[in-house]
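Asker: What TrEMBL records for this protein is below:
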REPEAT    102-136  repeat 'PPR'
REPEAT    203-237  repeat 'PPR'
REPEAT    273-303  repeat 'PPR'
REPEAT    304-334  repeat 'PPR'
REPEAT    335-369  repeat 'PPR'
Amino acid sequence: MFFTPKNPTVASRFFHSLHPTLPPKPTNFAHKFKNSTHQTLHLLLEQCSSMRELKQLHALIILHSLTNENLTLGKLISFCSVSDPRNLRYAQLVFDQIPEPNKFMYNSLIRGYSNSNDPFKAFSLYCQMVGSGLSPNEFTLPFVLKVCVGQSAYWEAVAVHGQAIKLGIESQVCVQNALITVYSVRGLIRCAQNVFDDMSERSLVSWNSMIGGYARMGSCKEALLLFREMRDLGVEPDKFTLVNLLSVCSQACDLELGRYVHLFIEVSGIEIDQIVRNALLDMYAKCGHLHLARKIFDQMTHKNVVSWTSMVRAYTKHGLIEFAQEFFNQMPHKNVVSWNSMISYYVREGQCRVALDLFQKMLNSSVVPDEATLVSVLSACSQIGDLRHETSSSIYSMLDQLTDHLRRTGYALSAILDIEES
């Protein structure tokens, strides 16, 4: 053994309560730990490059009875939270053993959960933090607002905005950028614009968030005006700015502007990665220049599901079903959008039984249908009045679950009425 703990029984019990599996025997850090000081601890934590090393160091900290040092434990939690979402459980175990976690610990764990498969846990921690009497800061709120974006939590975002105003940190750029993002994604573009207008200092993220918000809303004119204002102020765009602009060109079918953006990308030296190539492909496809879209597609070294789906959608939109079917059949992985493109095409062309057969194949491939899928297959059923097709039971089962939602949103109500009358 490298050392003798002051209280082996207590240390061991505490250690095993945290870790069902004992960490590896400390080796790398043991010789550095003999004259342990807080400064040494922090230096060793900063040198950690893996969870194995961190667990070795944690074992030494526990067995030297240094677990009451909040700064040290905070760095442990921070490493686990930021390094990999799979390490969040370890961070949570450490966090749960601390009687009074500080703001840094909460922030680290909130950040980790905001990037995990359980993002709303970050909001629960935020509520726990406020309930404990700690005031969130400008490092807390952006990650909480990020969760609100992904979880469609509008009222929670409004509450966080109110908290920012109450704490006097609503003018922090990182908080304002997060507010712009959450409001624009939720379609509350006026609220986003109000935050943007109140900014004394705008970062490139601020401009991109606003331009992207207008692009999502289909407000092409406003997005272009913002881009011109941004350029007039000397702010240089990045690839995310230009991807947003290409989205505007796609929606407006503005080929001239799209070509200008394409030329700007090439002469500015901005990296043309897969995201940019997909945006260019989509723009040319939606503007009707399928030969240019196909050229970009063929030049791609790596093609993802977005690349394939853009081509399938383009060919079905222009009635070139042979090409669409060829691309669809070659897709390594098909998503709901690619299935919807094919199904909706056959419904539009009156080939409803083909559409229903495709829907059955979609179900067999374990792709979950969305509202657009259901509207297409409901329309197919209403056209042929076929209640005996093998997909009918699946369709009507899903219809029972989605009718209320579709009625509330007003989404294709005529399709529901048609199928109910058939």
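Keep in mind that glycine also has a Cβ here, set from the backbone N, Cα and C atoms.
Describe each of these features in terms of where it is and what it packs against.
Answerer: Listed as Cβ neighbours of the repeat 'PPR' (102-136) (distance under 8 Å, sequence separation of 6 or more from its ends, same chain) are residues 70, 73-74, 77-78, 80-82, 85, 88, 91-92, 95, 143-144, 146-148, 150-151, 153, 156, 160, 163, 167.
Along the repeat 'PPR' (203-237), the predicted structure has mean pLDDT 92.
Per-class residue totals from DSSP over the repeat 'PPR' (273-303), listed helix then strand then coil: 23 helix, 0 strand, 8 coil.
Note on the repeat 'PPR' (304-334): DSSP counts are 23 helix, 0 strand, 8 coil.
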Asker: Pull the DSSP breakdown for the repeat 'PPR' (203-237) and write it out as helix, strand, coil residue counts.
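Answerer: So the repeat 'PPR' (203-237) is made up of 27 helix, 0 strand, 8 coil.
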Asker: By a Cβ-Cβ criterion of under 8 Å, what residues six or more beyond either terminus of the repeat 'PPR' (203-237) are in contact with it?
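Answerer: The answer is 173, 176-177, 180-181, 183-185, 187, 189, 192-193, 196, 244-245, 247-248, 251-252, 254, 257.
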Asker: Using DSSP, what is the helix/strand/coil residue split across the repeat 'PPR' (102-136)?
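Answerer: Split into helix, strand and coil, the repeat 'PPR' (102-136) gives 24 helix, 0 strand, 11 coil.
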